[in-house]
Amino acid sequence: MHRRLSGSPVEDTEASFVAADSHGNTANNSTNNSSSSNTVGNTNGSNNNNSNTTANSDPPVARTGTSIDLRRDNGASTPRSRNSSTWRAPSAHAASDSRSSSSATAVAAASAAMMPLAHNHHHHHHRLAIEPSPDRHRLRLSRLRSPWICSILAALTTLVTVGFLLSVLRSFNGRNVGDAGCGIPVMSPTFIRMRGFDTEHTRFASKYNLFLYREEGVDPYTQENIGLNGAPVLFLPGNAGSYRQVRSLAAEASRHYYDVVRYDQDRRKTGTRSLDFFMIDFNEDMAAFHGQTLLDQAEYVNEAIAYILSLYHDPRRSRRDTSLPDPSSVILIGHSMGGIVARASLTMSNYQANSVNTIITMSAPHAKPPVSFDSDVVQTYKQINDYWREAYSQTWANDNPLWHVTLISIAGGSRDTVVPSDYANIASLVPNTHGFTVFTSTIPDVWIGMDHLSITWCDQFRKAIIKSLFDIVDVRRPSQTKPRAERMRILKKWYLTGLESVAERSLSQKEPTTLLTLEDNSNTILSQGERLVFRELGRRPNPDVYLMPIPPQGVSGKKFTLLTDQSLDDADNGNLDVLFCSVSPPHNSNNNNNNNNNNNNNNNNNNKFGSVFSLNMDLTGGNNNAGSTRLACKTAADDRIHLPASTRTSKHPFEHVQPFSYLQYDLEDLAEHQFVAVVDRATAPTKGWMIAEFSDSSDSVIRARVGLGGLLSAGVKMRLPANRPMLTEVKIPALHSSLLDYKLKVVMRNAGKQQEPSLFAPLLRQSIPEPHESKFFVNVNEVNVNLHGIAPFMPPPLRDQAAMGGVSFQLWTDPSSGSAVDIELTVDITASLGELVMRYRTIFAAFPLLVVALVLRKQFQVYDETGYFITFGEGLDSALRSSLPLLLLAMSLFASSLATSTTLPASDDPFHWHANATETPVDFTKNDLLLGSQDAFFWFLVPVFGLISVGVCVILNYVALFLLFVLSSLYGFLRSRSGYIRRDDRGNLPIFSSSTPKRRMINTAILLVLVSTAIPYQFAYMVACIVQLTTCMRAQWHTRETRSTAHFNFSNYAHSILILMLWVLPINVLVLLVWAHNLVVHWFTPFSSHHNVLSIMPFILLVETMTSGTMIPRVTTRFKHVTSILCFLIAVYSAVYGVSYAYLLHHLANIFAAWLVGIYFFSSGISLRRLWHMFEGDETSPSFSDLGGSHVKKKP
């Protein structure tokens, strides 16, 4: 018995003997069923030679009933192979001579027929077929060809993949993203359609609509006069969003104006008026998936802005004061992709200069497109971002068309599972003088993370948005808003906590407003550096003042902090005032030179002071004697910072309780003052507390110098002493990646031995400098820490900035309690797995193609060498043991090298890949490559995702096999019921009959014409996938029936092509959804993109060719390396650029399909005469439908 090497499957030959028994001379049948003539001669010696004379080209695969050896034919022979001249039955003495002679003749003929015919010359070294005689050996060889067989290595990889994916999904679903705390808004909406905005103004009048919002019972309007009275605001919905999403914002604007603003005459004098909310109905178009739709919406927005501004010129539609100028600009508010449309409108040719100067976006992916499946989306993003970057890179304001534009991007945070909040960062687009990014958890009095939809209706958030809009409105100006610098100051005050380094303090810009007169012997002046603590208010019947001396200038690192549960405002009804005072008032200084030396002029000076200051606070009891001190003071109410209240019963920062008031100044901000005056105005004992102190940065700021490796191994542990400052800040520069989550524990020590009970529970703020993301934790004990810091695929900042400072933890504790505090920070590996979902969810559109391409490469290599097309599972197992680990290792090293470099020089870009980047060339780095990681620490993600893709491919392969098994069984059942098959004819079934070449050419031509005119090529691709599925279904059924090598080859080949097409299908589905949506909404509107027939023609031709059951010819010349090179290029591109530019994966697969079509055509020769005969239906060249005979009979 000839021994078979491991991994070299040999085909079962049982079908040969069945055919010989049923039809007599198998050699004659083989001759009749093929176009070749075989002459077999046997000698009596030890060597057996086969003589093969061929009239036509030989078939490219093994014929039915033959055995093939997959061992590489190196031209050498062994004694065993030389002696194996004939097929041997299991029992030699039981076989008759005629049977042996017939079997030997059949085997020799089949062996000659399986020789590849890619060349017309003779091969000198042919390996003979070998018969596996034992039954169990035959069964084992048959199983090797089964597509259901899975190797141990592939099975283990799949199990690891399933376990890993389940862990990731469990972590993602169970991660701590904060509780939902949004209030429910109240509204009475009315939408007025602007019917005058018709085809005279826009070509999209039949597709989109413009509406005006009126709050029923609040906004005065009639059918004749819609009541335009304020500043125009235009709302743009997002991807598949509704214009009705604006109703919560618009309702709050109407109610706030009519309940509050219209009664404030001071604000009305400064130009504050109501807001007229318009909104656009995009018919729920999906702009995120289709670039042309995005551009159409941007064009419509500019036309709508022009129409809205024209309405204010018509007195029949407006109730505005005639003394006010007509508006010349509109405020834009965009949700999701509506924010991108807003920015895109400023780049369009129909944009009116300065018609937009304020854009506020909510959950808008500014930096990167959500998915890169459409080339138009990627290119449109590039054009928009390049325009904005170029505008803000200009030296002079006159050269910047966006100089007066402010852009505020608001992100929802980790609760948003539709768009990664990292993409909302605009640091790469806009300098901090014209815009910033902020998270909803940062906004004062909101402090809530929001999902993609709740950000449009959350009650706390909408109130903050509307109040900020009223503060920037100034209808006295044609632009309807305050100047850009003032707008930025107001928006920072409303949206930032006030603790950021960019936060502005107004104390130095104000004039003294309060004259404070004190008696030296009745008031307390603290010593330098002493802490002031109030445990209750109103301990004295009269207002009490405490003076804290301000340290002299020149002492670095000093800052003043004050925290209280009382409200600090300008009103006189508060119990606590904080004033910053100077001994010598700056006003009327000439009259005050001798104030303390001339007692006779006290009353006169006091009257003069009182005429200058708006508030005279005399705490001397009316005794203005020589011992009194007069201080000119400024109130700190405008610089107060709201912090969420943290008590022993607090659970969430957004609870509806009065927040804490906090003040913080650097010593440089207090340069012109000598005292901090804290005035207790309560005249009766009142619950309340206050802590104020000056602290050194050496005591209050702790910088943890530890890397990611140290965080993973040991974490960070520290103890804060009992004599610590009230505010302690811990900075960890290494903690900046958005891919890792952490656990933070804060433990109060010696709680039972406290000197005094704590005035408040520990309060923690987690923050990063860019973007402005802050999270507050009340009554902190143990918290989960996640952040949106350095994220994959994010472009660099527009302008060079200082290195990321990492995460900062600010901890407020009561230092008067005498308790030490332990802080422990560790990496949460389990929770970190969930962060991979939002950052790398599109990875499954790219990396699995890497695996499929390598599997196809291996399958074609084996097929071209042996004539046997191995199964997808065998090819995957072979790739796992050879090319796949090497490629993943190379990609890992490449990822590590990219993370350690800063930029790619122009000389390293010979193919101009920069032209495809979302960033401008000058700012382009490696962030679009591979997994987009900017940290070499995460190099291991490349092999991890590679192995996960292997497991996913195995799962999809078996899902496809199961589906094909069910469909083919149903197909066989229906076919047998229709009476086309006889049980004794199963060995002679053709693969399947197909339509004529003429009909296939007509079908292909019709489909290509439709693609070029009416339908996108993505629709044709989906049709091709369905046709390929039916081809695989019929091929699998015929394979089960015939068990022949030809059917096995074709079935495996068709199945692998189907797997490739299935992985490319998601890239085309999204554009197909946009087309289908447009077809349903407005079927007569033409779809103006994706009509390139070359993008689909190779796939159509390949699938149509395979419907005839034609196996692809083998390539035994040097051109076989082209197949390997194409597959390898697809694999490399899928890894390097597949995530950022996934749309090109379709085109690469299309090129591969074109090569396969070329193999089909050029192997048989192409001529005009041949094409004409095919069109006429006279083509008689053999196909693999004839390999098994044409014995198709009806049942009697």
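Here the Cβ of each residue, glycine as well, is placed from N, Cα and C on the backbone.
Residues annotated as compositional bias 'Low complexity' in TrEMBL: 25-57 (among others).
The feature compositional bias 'Polar residues' is assigned by TrEMBL to 75-88.
Annotation source TrEMBL lists compositional bias 'Low complexity' at 89-107 (among others).
The compositional bias 'Low complexity' annotation in TrEMBL covers 588-607 (among others).
Looking only at the domain 'GPI inositol-deacylase PGAP1-like alpha/beta' (228-471), the predicted model's pLDDT averages out at 94. The feature domain 'GPI inositol-deacylase PGAP1-like alpha/beta' is assigned by TrEMBL to 228-471.
Positions annotated as domain 'GPI inositol-deacylase transmembrane' by TrEMBL: 844-1161.
Residues annotated as region 'Disordered' in TrEMBL: 22-107 (among others).
The region 'Disordered' feature in TrEMBL is assigned to 582-608 (among others).
Annotation comment: TrEMBL describes 148-169 (among others) as transmembrane segment. For the transmembrane segment (148-169), same-chain residues at least 6 beyond its ends with a Cβ under 8 Å from one of its own Cβ atoms are 830, 833-834, 836-837, 871, 873-874, 876-877, 880-881, 944, 947-948, 950-952, 954-955, 958, 961.
Per TrEMBL, transmembrane segment is recorded for 838-856 (among others).
Taken from TrEMBL, the feature transmembrane segment applies to 886-904 (among others).
Taking Cβ pairs closer than 8 Å, the transmembrane segment (936-967) reaches residues 147-148, 150, 154-155, 157-162, 164-165, 708-709, 737, 739, 840, 843-844, 847-848, 850-852, 855, 872-873, 876, 880, 884, 887-889, 891-893, 895-896, 899-900, 930, 1029, 1032-1033, 1036, 1055, 1058-1059, 1062-1063, 1135 in its own chain, all 6 or more past its ends. Marked as transmembrane segment by TrEMBL: 936-967 (among others).
Below 8 angstroms of C-beta separation, residues 147, 285-286, 289-290, 293, 371, 373-374, 845, 848-849, 852-853, 855-856, 859, 863, 869, 871-872, 875, 953, 956-957, 960-961, 964, 1015-1016, 1018-1019, 1021-1022, 1024-1025, 1028-1029, 1031-1032, 1035-1036, 1087, 1090, 1099, 1102, 1106, 1111-1112, 1142-1143, 1145-1146, 1149, 1152 of the same chain, each at least six residues beyond the ends of the transmembrane segment (1053-1076), sit close to that stretch. As annotated by TrEMBL, transmembrane segment applies to 1053-1076 (among others).
TrEMBL lists 1096-1113 (among others) with the feature transmembrane segment.
Per TrEMBL, transmembrane segment is recorded for 1125-1145 (among others). Under 8 Å from some Cβ of the transmembrane segment (1125-1145) lie the Cβ atoms of residues 371-375, 378, 793, 840, 842-843, 845-847, 849-851, 853-854, 856-857, 860, 887, 891, 894, 913, 916-918, 928-932, 942, 946, 1064, 1067, 1151-1152, 1155, all in the same chain and six or more residues away from its ends.
The transmembrane segment feature in TrEMBL is assigned to 1151-1168 (among others).
Long-range Cβ contacts of the transmembrane segment (838-856) within its own chain (Cβ-Cβ under 8 Å, at least 6 residues beyond either end) map to 371-373, 417, 420, 422, 738-739, 791-792, 872, 875-876, 879, 883-884, 887, 931, 941, 945-946, 948-950, 952-953, 956, 1056, 1059-1060, 1063-1064, 1066-1067, 1127-1128, 1130-1132, 1134-1135, 1138-1139, 1142, 1145, 1149.
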